[in-house]
């Protein structure tokens with residue numbers, strides 16, 4: 001695989017995914033910063049964290065920028081450099097300025113910028129992987145996917161382990177500075193990766209005119225696309241009349257060694273491709289369900305963090321260990337899904353996932369109501385089991401999103417084959433960003449719920465009610481599974 005993609009490219013892929021997992025190292029410190037140093041309420045912390053993660057909900061914008069607006073004839077590496085700087089600077093500023101890191105507004109603003117850099121890097125490297133798979137062949141997609149997920153899992157394990165240790169031995173501002181070494185290393189690594197020049201726009205426009213209407217039309221309504229295709233073909237015939245001038249211009253640009261297409265035309269073509277894709281019921285309906293399944297669940301994870309540290313007095317090192325078990329559960333969940341569930345009906349898998357998450361909510365309710373104490377079960381065991389099971393079950397739901405339309409191929413191959421050349425980053429980001437937006441709105445709902453129940457650092461009497469609302473919200477999406485085609489399985493139709 002190294003010969004197919006190059007060692008510098010593979011190292012950059014591993015590094016970026018490792019950093020995505022290792023982010024737990026520094027975000028644990030952020031949680032303690034808000035709770036212990038800034039004395040924020042659970043609902044306020046939940047709201048600020050949700051706001052900070054909003055850049056992950058608009059990933060298609062970064063994909064469109066990198067796909068359609070090259071910088072000095074390079075589509076990917078310049079955006080990786082920009083994203084690395086955006087990831088690096090906020091942690092340095094927070095580590096060096098006490099005034100800024102103790103201000104709620106400034107802290108949130110810097111965290112938004114940092115997440116903007118992380119999300120942009122995630123989109124760009126995914127696009128580079130999709131392009132690499134297109135060039136080297138789909139047989140390498142599984143290897144790249146395994147490499148990416150393994151790097152993220154290793155990063156998550158080390159980040160969770162070292163994060164708890166660092167909080168016990170280092171000041172929080174030092175943790176920020178230490179973590180900034182990773183995006184700095186990422187920035188340096190970008191210098192060693194080659195980036196192919198922007199493809200000639202005439203070839204892309206020609207392919208988009210022919211393929212953007214038909215690439216997604218094999219499933220879903222063909223009548224609507226036929227009308228769009230007729231309009232596009234008329235435009236194509238008009239463009240053909242001007243073809244000799246375009247060829248001459250292209251030849252002149254080739255002789256100069258550069259070709260600068262109009263960004264507005266590229267952006268228009270990419271936007272049209274996305275709109276065309278979303279008109280298809282086979283895409284729109286499943287994505288609507290996944291969005292709805294996140295919005296209806298009020299996320300009160302930050303409130304539970306407050307409860308575990310303030311009421312149960314659990315140490316940072318133990319919470320780090322619980323997250324490590326959660327990462328191992330992700331790996332176990334992936335294996336179990338691929339071994340036993342990938343040929344099951346997708347609806348059945350999603351019912352299993354949401355019923356399982358509802359059971360986790362029951363465990364949290366039992367923890368808050370102290371129902372486990374008469375049975376001699378310690379708080380730490382309840383937290384460990386809840387964390388492990390929740391992460392494993394969430395991985396089931398994540399893997400079903402990776403195969404939302406029942407195609408018998410990894411998501412890397414799916415994006416590489418379906419999208420017109422030049423918008424790999426946009427399509428790859430679009431699927432996941434809808435889910436991220438639903439999760440963000442679910443977190444805002446959780447913050448509003450915590451505020452309405454008057455849950456504070458010293459008052460957790462109504463936390464069980466909040467968990468009960470979370471339980472009901474977890475079961476609601478099961479009633480809307482008609483949006484998922486009944487014949488679709490977790491991997492193959």
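Using N, Cα and C of the backbone, Cβ positions are placed for all residues, glycine too.
Among the residue ranges 262-280, 319-337, 376-394, 395-413, the one that TrEMBL annotates as transmembrane segment is 319-337. Here TrEMBL gives region 'Disordered' for one range in the set 211-261, 415-465: that range is 211-261. Of all ranges given (139-159, 349-369), TrEMBL attaches the label transmembrane segment to 349-369.
Residues of the same chain lying 6 or more positions beyond the ends of the transmembrane segment (288-307) and with a Cβ under 8 Å from any Cβ of it are 31, 35, 42-43, 45-46, 49-50, 319, 350, 354, 357, 364, 368, 397, 401, 404, 434-435, 437-439, 441-443, 445-450, 455, 457, 460, 463, 466-467, 469-470, 473-474, 476-477, 480-481, 483-484. If one looks beyond the transmembrane segment (173-193) by at least 6 residues along the same chain, the residues whose Cβ comes under 8 Å of a Cβ in the stretch are 8-9, 11-12, 15-16, 19, 22, 25-26, 29, 77, 80-81, 84-85, 87-88, 91-92, 94-96, 98, 101, 117, 121, 163, 166-167. Here the transmembrane segment (463-484) has long-range neighbours at 285-286, 288-289, 292-293, 296-300, 303, 307, 346-347, 350-351, 354-355, 357-358, 361-362, 364-365, 368-369, 446, 449-450, 453, 455, meaning same-chain residues at least 6 beyond its ends whose C-beta is under 8 angstroms from one of its own.
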